[in-house]
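What follows is a set of notes on a single structure, which appears directly below.
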Amino acid sequence: MTATRPAPEGTRLGELWRILPEEATASGDGVLEIGGVAVTELAERFGTPLHVYDEAGLRRQIRRFVDGLRDRWPNSEVLFASKSLPAVGMYRIAQEEGLSVDIAGGGELQLALAAGVDPARLHFHGNAKTDAELRMALDAGIDTIIVDNDDELDRLERLLERPQRLLLRVIPGVEAKTHASQATGGVHSKFGLPLDQAERAIARMQTHPLMRFEGVHLHIGSQILDTAQFAEAVAKISTVGTFGTYDVGGGLGISYTYAEEAPSVESYLDAIVAAARAYLPADARLLIEPGRSIVARAGVTLYRITTVKRTGRTFVAVDGGLADQMDIALTQQRYEAIIADRLHEPWTETVQLVGRQCESGDLLVDGAPMPPARVGDLVVMAGTGAYAYTMSNNYNGALKPAIVFVGDGDARLVTRRETYDDLLATHAPALAGALV
Ligand code: LLP
């Protein structure tokens, strides 16, 4: 049976293909396939909940950024904001596709190094880096530390034994139009130094014998859909002074819902580079740090329905929830979800798609249209490739899902599912291993 992208009457499937992974199709009998592998097969082989990534689409999206920025501003670098998907398999792909990588803590540093990322392509962020983390990063020989504050400069003064490249994070005073928890460029941000304090910190770095001050950094926030805000940030950063490097952060949003219309990578790059041409020195090095816009669309989460309850409202509950989709509670992110093994059936019900964690806020989709749900059906939540795995947790003893990469009809396990033994290993090590 040939794979297609059907749009049956009485569904919104036609619109959904836009937010599902690029390599998503439907088999002739109405089962969602990603990278040529049916979700039914994925669920059987790897279990649920499961994070599934379309590897070809992911690599294509990376190249849109890497080639697109190089074409527009050759003296440039695209850093993958690895907090969006800190998995060894992803760090490997980043390295293979020519991305540099930004890390925001010792754990991400360890994962990147374990994946074989060249330390010369690592940039270290954070507003509260510890001595131990800085020492680890310096020992590893990472390329750049993005300094957040004066206390960090005190630490570096104590720790530096050889020259180290540094950028300074500044607060541009750009209020990103996004959820408050994702806006990081406003005047009251906890990240970076206000513009009027930057000069002193820069002078300190420029006069220290081992500090190689290269330039300035900003990041105005995440899930931003208006490219003019990025251009505004570039204009703001130019006011700090004339330097060799300008890192203008990440933040490009994606389309999560049928209604949302995210800018393309190309129009984002056009906006940033037009502003760079207008405001930055022509020979400056331009860095960007996309995370979400690289990995979000390529990834979906696969669940199995465990309960269907009709109490006046229809509650369809799956075998995961808040523990693996934290941002629904944190940022009220809205998603679309479908029953993925009955794509040809009309969507005649609107349900509350809920998880299994003990919170009423564990509502995956508030009003999801679907065919009448049955226990055992497979549900796919679209656009969960960024920040879902990374913020997953053990609420109610939940186990963090596995990650698989699919492509060319094949699936490979990239990160295994946590086990009860993993839980016991931290809480009751003497008992770990005793479980089946
Ligand atoms: N650079 C810096 C310094 C960042 O803090 C971030 C994200 C990025 C780049 C990448 O931004 P992106 O391109 O992914 O928007 N937990 C939230 C997302 C927090 C984003 C944190 N910083 C969520 O689930 O939406």
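The backbone N, Cα and C atoms fix where each Cβ goes, glycine too.
Unlike curated entries, TrEMBL annotations are predicted automatically.
What TrEMBL records for this protein:
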DOMAIN    60-296  domain 'Orn/DAP/Arg decarboxylase 2 N-terminal'
MOD_RES   LYS83  N6-(pyridoxal phosphate)lysine
BINDING   GLY251, GLU289, PRO290, GLY291, ARG292, TYR387  pyridoxal 5'-phosphate binding site
BINDING   ARG292, GLU359, TYR387  substrate binding site
ACT_SITE  CYS358  active site, proton donor
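Put plainly, the binding-site residues GLY251, PRO290, GLY291 were compared by Cβ crowding within 10 Å, and the winner is GLY251.
Checked against ARG292 (pyridoxal 5'-phosphate binding site), the recorded positions LYS83, CYS358, GLU359 differ in C-alpha distance, with LYS83 being the nearest.
Those residues of the chain, other than GLY251, GLU289, PRO290, GLY291, ARG292, TYR387, with a C-beta within 8 angstroms of the mean position of the pyridoxal 5'-phosphate site C-beta atoms are ALA81, SER84, SER222, GLY250, LEU252, SER293, ILE294, ALA386.
Counting other C-beta atoms within 10 Å of each candidate's C-beta, the binding-site residues GLU289, GLU359 are led by GLU289. Filtering GLY251, GLU289, CYS358 by Cβ distance to ligand 1 (under 6 A) retains the following recorded positions: GLY251, GLU289. Cα proximity to TYR387 (pyridoxal 5'-phosphate binding site) (within 10 Å) is found for the following recorded positions from LYS83, CYS358, GLU359: LYS83.
A distance of 7 Å separates the Cα atom of the residue listed as 'N6-(pyridoxal phosphate)lysine' from that of GLY291 (pyridoxal 5'-phosphate binding site).
Burial estimate for the recorded positions (LYS83, ARG292): highest at ARG292, by number of other CB atoms within 10 Å.
If you take every residue in the domain 'Orn/DAP/Arg decarboxylase 2 N-terminal' (60-296) and average the pLDDT, you get 97. In the three-state DSSP reading, the residue listed as 'active site, proton donor' counts as coil. When secondary structure is read from DSSP and collapsed to three states, LYS83 (N6-(pyridoxal phosphate)lysine) falls in the helix class. Every protein chain considered, the tally of other Cβ atoms within 10 Å of the Cβ of the residue listed as 'active site, proton donor' stands at 10. Residues GLY251, GLU289, PRO290, GLY291, ARG292, TYR387, recorded as contacting pyridoxal 5'-phosphate, have a largest CA-CA distance of 15 Å. Taking every pair among ARG292, GLU359, TYR387, the residues listed as contacting substrate, the largest Cα to Cα separation comes to 26 Å.
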